[in-house]
Amino acid sequence: MKTILTVAVLICGSTLASAAWCEDNPAAGAKLYATHCVACHGAERAGVPPTFPALTDIGKRLQPAQIKEKITKGGGLMPPFAQLSPQEINDIASFLVK
Ligand code: HEC
């Protein structure tokens, strides 16, 4: 499995990459959200304001790059998710702004 992932990352980084293989996948992002984010931000993304911000309109407040940076680095009470791959983070971000 690890090998397959590494190959995917290598292929996606190359100019030979097929778009379908590397595109953001909001459905995969939804699953990752359910695993990693639900505890604080809630199944409906309503959060528990003011401690845990709602993510329902996050696409209006933050650029995708800012969302991805938040996931990678965390901040405040949010832990960093450095274990997620760039593809997984892209998938989560695409789910959130969808
Ligand atoms: C342990 C609780 C916790 C978990 C788990 C968590 N977050 Fe957060 N998140 C927070 C808190 C608290 C903040 C506010 C941080 C701050 O003020 O800097 C936040 C902020 C954010 C923001 C910025 C919101 C804004 O309005 O600026 C985004 C985007 C976000 N989280 C996405 C995610 C995603 C995606 C995941 C899953 C990969 C996740 N969070 C998992 C607690 C959590």
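Even glycines carry a Cβ here, placed using N, Cα and C.
Under the heading signal peptide, TrEMBL lists 1-19.
Secondary structure of the domain 'Cytochrome c' (24-98) per DSSP, as helix, strand and coil residue counts: 41 helix, 4 strand, 30 coil. As annotated by TrEMBL, domain 'Cytochrome c' applies to 24-98.
Computed over the domain 'Cytochrome c' (24-98), the whole-number mean pLDDT of the model equals 96.
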